[in-house]
Amino acid sequence: MTNDFFTSRRFRAYFRKLLTEHWRTICVATAILLGIMLVAEIWTALSSYSYYFSLENPESNYDPARETLFFTGALIFLVGGCISSSRLFTDGQRKAGRIHVLTTPVSPFESWLARWLLYVVGYIVVFFACFYLADLVRVAIFAPLLPKVPVSFVSIIPKSISDRETYPTMWFFYFFFTSWFVLGSFFFPKRPLLATSICIFIIGMLFFFVLLGVMDPFINLSDRQSALLKTIANLWLILHGLLNWWLSYQRYKEMEIIDHH
């Protein structure tokens with residue numbers, strides 16, 4: 001009896017095939033991401049370290065560029081994740097490519113999972129590799145040039161208790177937000193990034209105005225109520241992200257070979 005849902009051998013073969021077909025695009029995207037990270041690192045270092053010398057009593061054990069680099073990196077991470085997630089079905093934008101994708105002898109789940117690993121998980125791995133390579137270049141350049149400045153690596157691991165509490169929420173939000181672009185890549189195969197961004201903007205504005213009207217009961221909450229509300233918000237982000245991924249898989253299964261002009 002054959003397994004039409006998932007077999008590891010067939011999945012590995014298809015993942016290698018997908019990686020081989022897209023390696024040039026991946027290399028170009030990686031080079032662009034690394035270039036952006038290098039510019040962000042050097043620019044932030046120059047502005048932060050020049051400001052550091054203008055202070056009367058600067059902190060001797062805190063890299064002044066660390067906080068700015070963390071938030072800059074987080075923003076690039078989110079934007080890049082949305083772009084990468086929107087490319088899950090980029091080879092199916094036209095009829096010829098769609099025929100090739102949908103007639104490949106693999107199950108829909110194997111095809112969807114391979115693309116999810118390549119463009120969602122793969123992007124995370126590539127981003128942090130580029131981020132720390134660029135950070136290494138910054139430290140290698142400025143640590144010898146500015147021995148009085150506490151130049152150090154940017155850590156993504158939270159150190160304070162408050163940071164540790166918000167750290168999981170940041171990851172949940174990232175996967176929730178990018179899951180919309182995973183979903184949009186199959187609902188809007190022609191222009192997934194633009195169409196999904198417009199939809200998110202409209203939904204976000206509606207949600208914002210609704211929130212303004214119902215936020216009064218959530219002001220001045222106790223610590224216990226705030227913790228409960230945060231837990232509910234985290235669960236909502238997780239479930240909604242998983243739902244978007246599941247809907248994208250269902251949409252992929254139902255997709256037809258149609259070329260809209």
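Glycine residues also receive a Cβ, built from the backbone N, Cα and C atoms like all the rest.
Feature annotations, courtesy of TrEMBL:
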TRANSMEM  26-49  transmembrane segment
TRANSMEM  69-89  transmembrane segment
TRANSMEM  116-134  transmembrane segment
TRANSMEM  170-188  transmembrane segment
TRANSMEM  194-215  transmembrane segment
TRANSMEM  227-247  transmembrane segment
*For the transmembrane segment (69-89), which recorded stretch in the set 116-134, 170-188, 194-215, 227-247 gives the largest number of Cβ pairs separated by under 8 Å?*
170-188
*asked:* So, taking each listed stretch (116-134, 170-188, 194-215, 227-247) in turn and counting its Cβ pairs to the transmembrane segment (26-49) that are under 8 angstroms, which one gives the highest count?
replied: 116-134
*Hey, which bits of the same chain come close to the transmembrane segment (116-134), Cβ under 8 Å, at least six residues off its ends?*
15, 18-19, 22, 26, 29-30, 33-34, 37-38, 40-41, 73, 76-77, 80-81, 84-85, 87-88, 153-154, 156, 178, 182, 245
*Residue list, the transmembrane segment (170-188) vs rest of chain: Cβ under 8 Å, 6 or more residues beyond ends.*
74, 77-78, 81-90, 116, 120, 195-196, 199-200, 234, 237-238, 240-242, 244-245, 247-248, 251-252, 255
